[in-house]
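Asker: As annotated in TrEMBL:
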BINDING   108-115, 190-194, 248-251  GTP binding site
DOMAIN    269-282  domain 'SRP54-type proteins GTP-binding'
Amino acid sequence: MAFESLASKLQETFKKLRSKGKLTEKDVKEAMKDVKIALLEADVNYKVVKDFINKVNEKAVGQEVLESLTPGQQVIKIVHNELVELMGKTNTHINFASKPPTVIMFVGLQGSGKTTTCGKLAANIKKQGKRPLLVAADVYRPAAIKQLQVLGQNLDVPVFTMGNNINPVDICKNSINEAGRIGSDVIIIDTAGRLHIDDEMMNELKEIKEAVKPHEVLLVVDAMTGQDAVNVAQNFNEQIGIDGLILTKLDGDTRGGAALSIRAVTGKPIKFVGTGEKMDALEPFHPDRLASRILGMGDVLSLIEKAQENYDIKKAEELQEKLLKQQFTLEDFLDQLQQIKRMGPLSQLVEMIPGLSPKQLAGVNINDRDVSKIEAIINSMTKAERKDPSIINGSRRKRIAMGSGTSIQDVNRLLKEFSETKKMMKMFGSADSIKKGKLKLPFMH
Ligand SMILES: Nc1nc2c(ncn2[C@@H]2O[C@H](COP(=O)(O)OP(=O)(O)OP(=O)(O)O)[C@@H](O)[C@H]2O)c(=O)[nH]1
């Protein structure tokens, strides 16, 4: 889980604080010492931590908080607000030009995930009904142009390239004409990165910026590099001037130092975060939601959004109908699983549920492999078997296990769980209770 160790430590500290009916100034100060250590261990910039703790202390030790009915909760609320403040109060979007094309210039070090993120943003923008054009301006890394072309092909987004013998500044200038020619309204330029910041790279980026006057200069940094990412951001901002950041590989960042420090150090907002290698693993950055996740309050809003984007309401209604008539089959079950899978890795979904601490999360043994196993088992059944699992006798079980590359025990377990779920639905979901709205299926209005 992203931010796992920080979340775990903060939640532990606040649990202690909440358990006390009354709080003294000393209690709060001691808790803040623990918070300070947790933030430093999460690789948050030292100055940022110092300012943060001072601000919280200033607000939390007053009479108003200490003498309130729920002092522990009040302190947590203050910490939550300050975390949000630290990461930028509001979430910021891409500034689209009033007169197209909008030019978005990507900058960043090699390996930060720049090319991948260009593809992700193109996919995201295309979903909004726009017509992006990807521009291959990295003429130095041999595979960079090809990588972008493959991404473009998979996403069905055009890619503009002039090969690698042309000056990148000219490629970028020409891409504007190309966008006009093919009717693209957003240009996404993938510039060259280097392993480290060097003058040659910075000069080229300055020239491109001067030539195409982008509406957005987005810096891509790797969250897993912690304070290095913060230094890189500061450097790029001072030399090129950036409008915002995309923080990649947040899925692998258990500490969180970069996400918590970058805004405070550079003054520039994080606009998106990368949460995986797939093209849909790009999310707008919501400081308030992330603060809630870190403090164990969940992120119900993101969960609902994911459900709305990926969950087919019509199908859900059909399912309700089937439940009413007690016709829920293994086929419907598979369909459900596939819809939920589309919302993203299960481990990331579970993180958004309020009230589950990182420790509890570690105990919840949900993984995508289990889901794939269930899918394989159901896919190995005949239509008749899926409709009526009671016909699945010993030899059929053996065949299904062989066909799905699982064991007979796995098949037995699935059938047992399915039959128990059905029984439970029968009990809770008598036609009446569903009709009266007492029982609601997930994500149904
Ligand atoms: N887990 C995870 N991996 C990511 C994410 N974003 C990018 N990656 C991976 O990071 C690696 C480097 O990404 P690239 O896009 O090739 O890097 P780049 O910054 O374009 O590199 P240059 O073109 O050399 O500047 C690839 O294996 C990506 O799949 C993310 O959000 N999460």
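Yeah, the Cβs are placed from backbone N, Cα and C, and that goes for glycine too.
In the displayed structure, how are the listed features positioned relative to their neighbours?
Answerer: The 10 Å shell around the Cβ of LEU250 (GTP binding site) contains 24 further Cβ atoms across the protein chains shown.
When pLDDT values are averaged over the domain 'SRP54-type proteins GTP-binding' (269-282), the model yields 94.
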Asker: The domain 'SRP54-type proteins GTP-binding' (269-282): which same-chain residues, six or more beyond its ends, come within Cβ distance under 8 Å?
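Answerer: Tertiary neighbours of the domain 'SRP54-type proteins GTP-binding' (269-282) are 2, 87-88, 91-94, 113, 116-117, 119-121, 123-124, 151, 154-155, 218, 223, 244-251, 259, 262-263, 344-345, 348.
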Asker: Enumerate in sequence order the binding-site residues GLY111, LYS114, THR191, ARG194 whose Cβ-atom distance to ligand 1 is under 6 angstroms.
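Answerer: Only GLY111, LYS114 qualify.
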Asker: Looking only at Cβ atoms, how many others are within 10 Å of the one on GLY108 (GTP binding site)?
Answerer: 29
Asker: Over all shown protein chains, what is the count of other CB atoms within 10 A of the CB belonging to GLY111 (GTP binding site)?
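Answerer: Other Cβ atoms found within 10 Å: 12.
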Asker: Using DSSP and collapsing to three states, where does LEU250 (GTP binding site) fall: helix, strand or coil?
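Answerer: DSSP call for LEU250 (GTP binding site): helix.
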Asker: Provide the three-state DSSP residue tally for the domain 'SRP54-type proteins GTP-binding' (269-282): helix first, then strand, then coil.
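Answerer: Tallying H, G and I as helix, E and B as strand, the rest coil: 0 helix, 6 strand, 8 coil.
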Asker: Check the binding-site residues LYS114, ARG194 for other C-beta atoms within 10 angstroms of each C-beta and report the one with the most.
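Answerer: The residue with the densest Cβ neighbourhood is LYS114.
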